[in-house]
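Here is the structure we will look at, set down as structure tokens.
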Amino acid sequence: MPPLTVETLVNGGSGLARFNGCVVFVPHTSAGDLVRAKVVRSKKNYLETELLEVLEPGPDRHTPVCPVAGECGGCQWQHLPYDRQLHWKHQLFVETLSHQCQIDVSIIKPIIPSADQWHYRSRVQVKCFNRDGHFITGFYRPRSRYVVAVDQCPIMDQRLNRLLTDLRSQINGSAFADKIPQIDLAVDDSGKCVAVVHYLGGQDSGLIDCLRHSGLKADVLVQFGSRKNNQTICGDGMLEIQVDSPPIYLNYRAGSFAQINLQQNRVLVDSLIATLPWSKNQRVLELFCGMGNLSFPLARRVKHLTGIEESVTSIRMAQHNSHKNAITNLTFAAASAEDVLATAIAQEHFDIVVLDPPRSGAYAVIKGLVTAGIPSLVYVSCDPQTLARDLKPLVHGGYQVVVTQPLDMFPQTHHCESITLLQKIN
């Protein structure tokens with residue numbers, strides 16, 4: 001394939017070029033780059049490629065901080081200065097919603113930057129491999145199970161980098177090294193660290209003793225096979241984040257979901273609160289509520305909140321957090337949002353529904369929401385593509401998008417968080 005000129009960036013983070021009238025996607029590029037690329041997948045209407053060489057850099061490109069940027073699958077946009085990352089995230093967000101949902105661009109607010117561009121990540125799954133007698137820690141190469149060695153990750157919290165260094169030193173050369181495929185690391189708002197070591201060698205007392213006497217400055221758990229077989233070695237594995245003002249302190253367990261950018265999570269919560277004039281006569285239904293990250297700040301401002309979450313562990317933590325913070329005007333249920341939506345709405349009047357689904361979106365509940373006709377919906381999304389897909393039937397079903405606020409929760413990546421308010425048109 002001859003050299004390609006990248007015209008623009010697209011959803012997913014790749015650059016778009018053209019060859020013989022065919023669209024070509026090239027990862028880790030910027031607009032204006034002249035590049036050489038190799039086709040790795042041929043589709044009917046486009047080609048997917050692997051970047052081989054940047055022949056001439058475009059005006060946006062700069063040198064990445066990380067030596068394995070472009071090889072590791074963790075960051076897609078380290079080669080872009082942060083102001084250009086924000087530009088492209090906002091532009092792609094606007095294009096996605098305006099083209100797919102015909103939303104007036106004037107209701108899309110400017111993107112809120114992350115206060116920290118680096119070392120913001122408070123939770124990470126590190127892949128491991130024993131290669132040539134050396135215990136390698138890092139992340140998968142894109143579209144591969146090959147572990148790219150990463151000694152110090154520039155988007156991980158520095159305390160987690162130090163903990164990973166200590167763990168690598170402890171495990172390297174041991175009899176356990178080739179049976180550890182993954183280590184989960186997390187740090188909370190107080191600075192407490194937790195490590196969950198995944199182990200495929202059965203209940204091994206030698207590994208337990210090794211970790212117990214390692215002197216690691218962290219709570220340590222070992223997961224023997226499935227998640228149900230976690231064994232606590234040191235500490236309790238409990239983490240705590242802080243949201244709202246005055247502060248609400250929320251616990252969650254290692255391995256459970258929590259936002260990875262703790263400082264920007266507080267901005268997310270504050271932005272959600274600013275989206276609507278909440279009042280003490282409102283009843284709120286929250287779908288995909290997790291351990292209560294949004295639930296408790298909202299419950300402070302409304303009459304009652306009902307939280308639905310499929311994860312039993314998260315619901316138990318939400319109930320724990322209710323007692324911990326003495327916020328009791330909430331009801332939590334462990335169930336699929338799709339399964340209980342109709343029943344919940346039939347049994348109780350709700351003024352507002354808040355949705356905070358995973359990256360795959362909330363399409364399964366959209367039809368039920370249209371049928372229910374709840375006056376206001378607030379959709380917290382971490383994927384503009386699935387957001388647009390879900391907004392389309394809501395708009396066709398009689399809802400109007402009032403405002404949407406993009407936020408950058410994930411610097412150095414193409415991902416974009418957002419909060420969207422919809423109101424039922426009478």
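First residue shown is number 1, and so on along the chain.
Glycine too: its Cβ is placed from the backbone N, Cα and C atoms.
The shown structure was predicted, so the numbers you read here are calculated from the model rather than taken from an experiment.
Cβ neighbour count for C382 (active site) (all protein chains, 10 Å cutoff from its Cβ): 20. What TrEMBL lists as active site is C382.
Taken residue by residue with DSSP, C382 (active site) is part of neither helix nor strand, so it is coil. Per TrEMBL, active site, nucleophile is recorded for C382.
Reduced to three states, the DSSP call for D356 (S-adenosyl-L-methionine binding site) is coil. Other Cβ atoms within 10 Å of the Cβ of D356 (S-adenosyl-L-methionine binding site), summed over all protein chains shown, number 23. Under the heading S-adenosyl-L-methionine binding site, TrEMBL lists Q259, F288, E309, D356.
The feature domain 'TRAM' is assigned by TrEMBL to 1-53. In the predicted structure, the domain 'TRAM' (1-53) carries a mean pLDDT of 97.
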Neighbour-count leader, CB within 10 A, binding-site residues: Q259, F288, E309: E309
Length of the line joining the Cα atoms of F288 (S-adenosyl-L-methionine binding site) and C382 (active site), in Å: 13
DSSP-assigned states of the domain 'TRAM' (1-53) in counts, ordered helix, strand, coil: 0 helix, 31 strand, 22 coil
Chain-mates of Q259, F288, E309, D356 with C-beta within 8 Å of site centroid, S-adenosyl-L-methionine: F257, C289, G290, N293, L294, P357, P358, V380
